[in-house]
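TrEMBL has this to say about the protein:
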- 298-471: domain '3-hydroxyacyl-CoA dehydrogenase NAD binding' (DOMAIN)
- 474-578: domain '3-hydroxyacyl-CoA dehydrogenase C-terminal' (DOMAIN)
- 615-701: domain '3-hydroxyacyl-CoA dehydrogenase C-terminal' (DOMAIN)
Amino acid sequence: MAEYNRVSECVGLITLRNPPVNALSAAVRQGIVDTVERALSDPNVKSVVICGQNGIFCGGADIKEFGSKMTGPPLIPMIHAIESANKPVVAAIEGSALGGGLELALGCHYRIAHSKARLGLPEVSLGLLPAAGGSQRLPRLIGVPAALNLITTGRHVTAAEALQLGIVDQVTDHNTVDAAVKFALSVAGRSLDPRRISTHPCPQQPDLDALFEEVMQKVRQSARGAIAPIACVQAVRAAATLPYAQGMERERELMATLFTSGQARALQYCFFAERAVGRWRMPSGARWDTSKPRPVHKAAVIGLGTMGRGITVALAQTGLSVIAVETQEKQLMEAKQAISGMLERGAKRRGVAPALDRVIYSQNIQAVADVDLVIEAVFEDIALKTKVFQQLSAVCKPGTLLCTNTSALDVDQLASETPNPELVVGMHFFAPAHVMKLLEVVYGPRSSPQAVATAMQLGKKMGKASVAVGNCRGFVGNRMLKPYIEEAFFLLEEGATPELVDQALEEFGFSMGVFRMSDLSGLDVGWRVRKGDGLVEPGTASGRSARIRQGRRYSPLGDLLCEEGRFGQKTGRGWYQYDKPGSRVARSDPWLHSFLGAYRAQHGLVARRIDHQEVLERCLYALINEGFHILDDGIAAGPEDIDVIYVSGYGWPRHRGGPMFYANMVGLAKVLERLEHYQQLHPEVPHLQPSSLLRRLVASGSPPIHKWGEVIKKLHSQL
Ligand code: NAD
């Protein structure tokens, strides 16, 4: 787990060996302790180099060990022993030095990095802080402001930035271990006192209190209820104001609080859930490990509106050649300009050349004849999409995968209109498609495993959290959103305001409440869908019957706003008012409040006081309940799939783990009891009727989330 060699006669070389990232498992820690002792006690050894095998220094703690009892030597004394060694210890950083890996390197006296290496303390993203001295050493090394930035965001830095910040002493383009050995020889015998970071105070910082106050305020705002970033600030404050030993004690206390918090569990669950969704499986039995993806070198995008532009950028940035097709000349010109701008800005951010020449524009669908995969993003109109798919089937070379970016149309229906339905899948991106992390890959009963594997692999290459889901109205994300939005409308009818509902949801941790989000994406989008479903009846008929449509409770509030031309931010008016169309700052609108008052009076509704708890229970439990239906229907393979979709695409607070994990934390019996309670009060609302899977889970003693699969399987095998 840590191999020892003597090189250049007097350098002890310690190589960490724990694929894939040389994580600091108990065995690796033991290996380091033993080999360091050996190097220090060998009189022929003048200096020591620590490196990792396979071009990676160390990816940090072994997260799999978090849940179990600690064994092996602890990290803190191990790093301390390295720092207090009487021979220089040099870290040779290739690949990455992250978390505990960087903390280990900070305990070394010198750090040499390869120019392609990345360094960081990402513990905050797992609900923790760098608690092996990282929060105490880094500020001493690079100063409080820079350390605060790195530790509270968890961002990784390049070797060049690490050199500039003073984290590393040297960057090399050549063999890092050779450079480190050479360096170690050159510093042998020098005094090590100035190199022991823990023995120094933090660099002087004027007006420390004001700095911490400002940072704390910013962090609180962006953390949206997450506690780890705040603990990170407190730990760095301890480094800046206390002697090292007391700072370490504070680091330990803060870590103990975080470690046992539900938030750390939620964040670690997300970490594993994101990996689990890559191991997709379909009800047919097809799986990720038995389905081989086809290579995709050249792709096409049809329709260059909002979505098509972002998808083109995402594909080109992944290194694919893209044929971008748009029938409207004006749209094509605008799209070309917009796509080039996005590619240029993206390239500038990443310090690479823009991939402008990877995109070829055309008004003619014939141009896609030789592509490997097509993503259609024309208007949401089944007749138009069917026509496009038929054209594509005629034009494309045999075997080309045909994907649709539809938000809600039936992927099976589209597939059945083509001669090769096995080549059709949904690739449901989210706006803006080159930024948003989520991709739902929608398979139908006839989609081939190879088609799903190809779309999933392409999503992964694009850096998306790709989740394979079955075909149904709204797929997973939008299907669950429907009852959530409906409950929010019902709450307005009963006496809430958009401000109250949004505040409750934003305090819960959502980046935006339901009404602010609806103003952002446009109220007309849902209006068009409801019209298509035959739910919209123009005008304001009064009484209860006007609010029952297709046999269930319906709120026409959104339709009435659209009839007033209030489409949200784009028109400067929606659930809120804005300074001008397109402005983003939502302000409370007195017109809306009197409109709600008049609406309630007209429908004989008496406003009552609604508290945050009711908002959360009605909106979130309705959404979660739909999640259970989705699991029951086999549309999502497991709760992790739903949770990844909500965390990466719908602004669900990551520190709450996703809706299904949240239900598990709250307690399934409680969720069931509250749904039953609200269902009794609102019997005309079917989505409050608890799902049979939820009932089954509660009847089976509310097993923990990783055991839900057994209950689902049992249920399916009995059907
Ligand atoms: P949009 O109206 O912005 O763009 C559609 C584009 O398709 C237009 O430029 C139009 O000229 C072009 N077009 C129409 N017929 C065409 C044809 N035969 N060949 C080539 N181009 C053609 O629409 P959008 O918002 O980008 O949505 C596109 C699809 O993506 C829809 O199915 C929508 O439901 C889905 N979607 C949208 C969002 C979103 O937030 N906007 C999110 C996810 C999915």
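Heads up, the Cβ atoms here are built off N, Cα and C, so glycines get one too.
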If you run through the domain '3-hydroxyacyl-CoA dehydrogenase C-terminal' (615-701) with DSSP, how many residues end up as helix, strand and coil?
65 helix, 0 strand, 22 coil
Kindly report the helix/strand/coil residue split of the domain '3-hydroxyacyl-CoA dehydrogenase C-terminal' (474-578) according to DSSP, in that order.
61 helix, 7 strand, 37 coil
Between 0 and 100, where does the mean pLDDT of the domain '3-hydroxyacyl-CoA dehydrogenase NAD binding' (298-471) sit?
96
